[in-house]
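These come from Swiss-Prot:
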- LYS175: active site, proton acceptor (ACT_SITE)
- HIS294: active site, proton acceptor (ACT_SITE)
- ASN123, THR173, LYS177, ARG295, HIS327, SER379: substrate binding site (BINDING)
- LYS201, ASP203, GLU204: Mg(2+) binding site (BINDING)
- PRO3: N-acetylproline (MOD_RES)
- LYS14: N6,N6,N6-trimethyllysine (MOD_RES)
- LYS201: N6-carboxylysine (MOD_RES)
- LYS334: site 'Transition state stabilizer' (SITE)
Amino acid sequence: MSPKTETKASVGFKAGVKDYRLTYYTPEYQTKDTDILAAFRVTPQPGVPPEEAGAAVAAESSTGTWTTVWTDGLTSLDRYKGRCYDIEPVAGEETQFIAYVAYPLDLFEEGSVTNLFTSIVGNVFGFKALRALRLEDLRIPPAYSKTFQGPPHGIQVERDKLNKYGRPLLGCTIKPKLGLSAKNYGRAVYECLRGGLDFTKDDENVNSQPFMRWRDRFVFCAEAIYKAQAETGEIKGHYLNATAGTCEEMMKRAIFARELGVPIVMHDYLTGGFTANTSLAHYCRDNGLLLHIHRAMHAVIDRQRIHGMHFRVLAKALRMSGGDHIHAGTVVGKLEGERDVTLGFVDLLRDDFIEKDRSRGIYFTQDWVSMPGVLPVASGGIHVWHMPALTEIFGDDSVLQFGGGTLGHPWGNAPGAVANRVALEACVQARNEGRDLAREGNEVIREACKWSPELAAACEIWKEIKFEFDVIDRL
């Protein structure tokens, strides 16, 4: 090893401040299969060299501090330090670059997303030498991912539980999201499920407010589920939001949901926290509950291109922490999401092995080994005219969730659900017959309108609705 990067006790203690790059920039380093690898988009302050900025990120997110300390001599920092092992420019950006950092596995507690994030993104993002910093991607080695349970059940087990195959699942978020009484809320759930949906959903901020306490909502929703199941012969569910102010209260709500015999509960995993989410995921596996995950607050973290954390990192974290569904954008609706980038992290959620593909924002090959997959949920500003595109983009292993696109139907909730189910079945049949939904999708919907008045009414009311804005999240 070069003397410039030597940090063992034999060197002796020399007080003072030295450049991070002397210790933490190691371009000759060969990454190990057990290393956790990170790709950071770094924007240094003027005058800070890329090598120093990249090394500072590696140092401050692992063993380093701002000055040399004598206790460095009590351990082998070469074993534990993060290393900036490569730097590459960002096309079209003179002041930005990608710094690749390798972290030894021993830096992280097994089975703890909380500890992983506390180390890698917990402190370094406030570092003064950097104008901005964004974590673009992580490579989680099998040696670490195998310490996590992961999703409570996964895609195949969910399909077996629901006895539903060969198509996306259909959902609906009950609106208005706040203000309904528990009984009226349950009525809306029943009407949507009776009309043909597989799931209905609590909105992310429905917890236990004065107008509708959680226990009342759970009871009326369970009644709606059982009534709809009896009338349709299909298994139904409602995402009962167990998110609460304390972990103990969250678990109380999940336990009550299990006692009611419902199939699925819900958690806001970012506002609720990874420790709470992992605890709930373990309970759900042990007790046969599916777990729907909402990503409320994600855009605070991932919306800006130069600072924060890309959603693909949050998606990987969720797969480790545990969830059977997670919201993933729509590409075509009202919420942010560019197609190639979105499909990149959708594959990271669903597939076992994902190759590095920079055209889709995937910086590292990811091998999940045997960890179950997560169903991506497309939700936000979508309606029946979007059904062909959603079916083509997301494929069968997804949940397509229409809130206003169900409850906004001019004839009511049940006809809105009928319209969505008919549109989905028509698109799946057309695809299975070999038709190109990307090119013929509108024609498929128009043909289905001829024998479904509910779909025809929905198509008429939403024919002019579009959400066309420039996408922020580009490569």
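Placed from the backbone N, Cα and C atoms, the Cβ positions cover glycine too.
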Sequence gap of 6 or more, Cβ distance under 8 Å: name the residues on the same chain that satisfy this around ARG295 (substrate binding site), in order along the sequence.
ASP268, TYR269, LEU270, PHE311, LEU314, LEU318, ILE326, HIS327
How many Å separate the Cα atoms of LYS201 (Mg(2+) binding site) and THR173 (substrate binding site)?
5
Within its own chain, what residues at least 6 apart in sequence put their Cβ under 8 Å from the Cβ of LYS175 (active site, proton acceptor), listed in sequence order?
ASP203, GLY403, GLY404, LEU407, GLY408
Looking only at HIS294, HIS327, which of these recorded positions has the biggest number of Cβ atoms within 10 Å around its Cβ?
HIS294
Can you tell me how far the Cα of LYS177 (substrate binding site) sits from the Cα of GLU204 (Mg(2+) binding site), in Å?
8
Nearest to GLU204 (Mg(2+) binding site) by Cα, among ASN123, THR173, HIS294, SER379 (recorded positions)?
HIS294
If one measures from the C-alpha of ASN123 (substrate binding site) to the C-alpha of HIS294 (active site, proton acceptor), what distance in angstrom results, rounded to a whole number?
26
I'm trying to understand the geometry here, so how far is the Cα atom of SER379 (substrate binding site) from the Cα atom of HIS294 (active site, proton acceptor), in Å to the nearest whole number?
10
I need the neighbours of the Mg(2+) site defined by LYS201, ASP203, GLU204. Which other residues of that chain put their C-beta within 8 angstroms of the C-beta centroid, in sequence order?
THR173, ILE174, LYS177, ASP202, ASN205, VAL206, TYR239, ASN241, MET266, HIS294
